[in-house]
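Colleague: Got a structure for you, written out below as structure tokens; questions coming shortly.
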């Protein structure tokens, strides 16, 4: 796909792989911002704010016109789960998700430097985990896979066997709702025709 200078404001290899799978050309310029939720902030508002913040921060660091930022959380019984702090936190998260439906919420923002505005959206996907045995959780944690993933799991990797079903976008659970992102890029003129 043709593009007009797209910059991905994320170091996530999964997000890069998803964009590459759609044939989108882009550069990676990770942007670090404070990811702590504001007191009383709703989950959708939180991921949208972070996504836009990352996109705008990348625009301060790099040349380009379109800056794509994203943030993903797992939401279970009102708790916002980001990336686990350590093995104990990963175990706590996976125990909480065990046998319980939860939501993966990804906010994405495309900041257009020329128009000085952003398209911001959030996509929700419902995920159903099977009941996990302690041994499964500990074995998965031992792989090191949970530590850079919201909710301590990667549906496309070692945690695939934990997921019974999903309702909604699979790529959203991976970290970027590709269908919606490509549509938004096309609408704002970042992909040509």
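Even glycines carry a Cβ here, placed using N, Cα and C.
Straight from Swiss-Prot, here's the annotation block:
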- 14: site 'Important for substrate specificity' (SITE)
- 71: active site, proton acceptor (ACT_SITE)
- 72: site 'Important for substrate specificity' (SITE)
- 156: site 'Important for substrate specificity' (SITE)
Colleague: Any same-chain residues 6+ apart from residue 156 (site 'Important for substrate specificity') with CB under 8 Å of its CB? Would you list them in sequence order, or say none?
Modeller: 14, 174
Colleague: Show which residues of the chain containing residue 72 (site 'Important for substrate specificity'), separated from it by at least 6 in sequence, have their CB under 8 Å from its CB.
Modeller: 47, 104, 105, 106, 107, 150, 172, 175
Colleague: Give the sequence-ordered list of residues that share a chain with residue 71 (active site, proton acceptor), lie 6 or more positions from it, and have CB atoms under 8 Å from its CB.
Modeller: 35, 46, 47, 50, 51, 54, 106, 107
Colleague: Does DSSP give residue 71 (active site, proton acceptor) helix, strand or coil?
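Modeller: Reduced to three states, the DSSP call for residue 71 (active site, proton acceptor) is strand.
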